[in-house]
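Visitor: Straight from Swiss-Prot, here's the annotation block:
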| type | residues | note |
| --- | --- | --- |
| ACT_SITE | 120 | active site, N6-AMP-lysine intermediate |
| BINDING | 35, 36, 37, 38, 39, 84, 85, 118, 141, 184, 297, 321 | NAD(+) binding site |
| BINDING | 415, 418, 433, 439 | Zn(2+) binding site |
| DOMAIN | 598-674 | domain 'BRCT' |
């Protein structure tokens, strides 16, 4: 047997195993391998495919990792129009739809009317084409007639199979040997939160749907892969037997390896439909993803064809959207807050009201344009709303209830922190304070960001302490922190010798934080944690980074022209040389550490959690050992946790890990992996 034949057999076996474990992990939530073990299988496959490039195929699981750059997304025609559904916002409208369909079916002599109720995912609709079971095209809905070809990006979504089971496909597909699957790409709550945590405050997404829509149109499929999106399938076309009922098509999709949402139900009466809608009005909050309603579809596919569609939507389906949770309140005041980058954000102070299980007394108004759009005045009665995981917001002014003593809200003219005249750049919706170097609120914001957990992690440097340090003129930039003296700290409110010593120890410890973390801590506009990592690898010292041209920066992965310009502007500030001098004198890490040859990458891509006390390492050192070897350390257990290291007296996290089937290792086993 030749080497290439042996390699082909090994590759085929690895692909089957990887796809099986991918399905177990992402679709069935029943993982059999840790992230580390799964990555080892994938590494074996990638190694073999590199040795035998002639055996690499587009449907290989190795192609999920992304990396291709797509300069444009060509338009493609849909085989059948991808129509949007009619929306209903009341049970009455659902009943009208049900009765309308029943009358139309009665004209065809049909008495029984089966409807399939499915949860409505708040995602982005896409179409997938499989030729002989292999994914050959993935496209957005677009205008319904044609969409954008985003195949490379969709291949990175773990719950989209790249190859369908051959025997089953052969038995199901029609003469064209092409199956079309439609559904929604979405982002689970946990993945959405993780993505936002890695981004600067000003670049965070408002909700999972916005994050999904933006991610699918990125040109770098490697970045798309890092954003961990999911797919739910609800449409199957191209079958040998096109009379197959919809409920059976959902079952076939599951057999083909797709996630179908699991919670669909066949309903025979209007009462059963109303029960389903009422049941999931509350239960949906417990799901790991956002749903915003229920979709009802006629189960009988041939009769769907007879009912047809309007220009915009099918007559055989409807989407019922749950109303957002709302409450009435009174706008008592509007405060204008200053962010660390100078942006002025209006905040509504509301009469406290209970909404979605918590008391709400404040809500962001985003910018002054929003105040004008809502027509808000002080003392107005307003409707506030909470939908999904989104922060409560003011959605409507009750003009008919406006009191006689209502007062207009005047746009800000001067910074509420430093008094500097505000500016509103052309094409910008927000006012901003240009007094970057002297504005106390901006200085405080930059210091708190510098000390935050994902930056320099100076836990003793809290809001109240920073407020005092800035007010007394002891600190004007992060560099000043490292020159504080114990007597200076002891003079502050609620500060004794012990507290002062703790602060100085925390500052001393932060000097060891990596160059990558320092870059993030500096608070450069648009530079989040992921971008800081790319910068630290491409420019392994602060001197190399500040000497790089805008064109050079724009070629770094994850760095476009906007981010590149922001970096150039940051280092061009008059205050930068002084800050750099302080950071050098304080002996912070201004360059990446030389890679240690003996350090392996055994934890590459593995998410590790520590619980209990370790004998040989403190928690910080153990975490650094994982990070040095390519892993990631988290503070809570989930299905995506790759490994839990259990020390002495582990807490409830160990129980949760066992319940979820997460791999648990002892300190000895952990040390053996290093």
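Using the three backbone atoms N, Cα and C, a Cβ is placed for every residue, glycine included.
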Visitor: Among 415, 418, 433, all listed as binding-site residues, which has the most CB atoms within 10 Å of its CB?
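Guide: Counting every other Cβ within 10 Å of each candidate, the maximum falls on 433.
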Visitor: Could you measure between residue 85 (NAD(+) binding site) and residue 433 (Zn(2+) binding site) for me? Cα positions, answer in whole angstrom.
Guide: 45
Visitor: Can you name every residue in this chain, apart from 415, 418, 433, 439, with its Cβ inside 8 Å of the center of the Cβ atoms of the recorded Zn(2+) site?
Guide: 338, 342, 416, 417, 419, 420, 434, 435, 438, 440, 441, 442
Visitor: Just counting, how many other CB atoms are there within 10 A of the CB of residue 85 (NAD(+) binding site)?
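Guide: There are 17 of them.
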Visitor: Look at each of the recorded positions, 120, 141, 297, and point out the one with the fewest other Cβ atoms around it within 10 Å.
Guide: 141
Visitor: Out of 37, 439, which of the binding-site residues is least crowded by other Cβ atoms within 10 Å?
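Guide: Each of the binding-site residues 37, 439 was scored by Cβ atoms within 10 Å; lowest is 37.
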Visitor: Where the distance is taken from Cα to Cα, which of the binding-site residues 141, 415, 418, 433 turns out closest to residue 120 (active site, N6-AMP-lysine intermediate)?
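Guide: Nearest candidate: 141.
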Visitor: Using residue 141 (NAD(+) binding site) as the reference point, find which of the binding-site residues 415, 418, 433, 439 has the shortest Cα-to-Cα distance to it.
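Guide: Closest recorded candidate to residue 141 (NAD(+) binding site) by Cα: 433.
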Visitor: Taking the domain 'BRCT' (598-674) alone, what is its mean pLDDT?
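Guide: So the average pLDDT across the domain 'BRCT' (598-674) works out to 80.
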Visitor: C-alpha of residue 415 (Zn(2+) binding site) to C-alpha of residue 297 (NAD(+) binding site): distance in Å?
Guide: 55
Visitor: Taking helix as H, G and I and strand as E and B in DSSP, count the residues of the domain 'BRCT' (598-674) in helix, strand and coil.
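Guide: The breakdown for the domain 'BRCT' (598-674) reads 26 helix, 16 strand, 35 coil.
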Visitor: Would you mind reading off the Cα separation of residue 433 (Zn(2+) binding site) from residue 297 (NAD(+) binding site), to the nearest angstrom?
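Guide: Cα-Cα distance, residue 433 (Zn(2+) binding site) to residue 297 (NAD(+) binding site): 53 Å.
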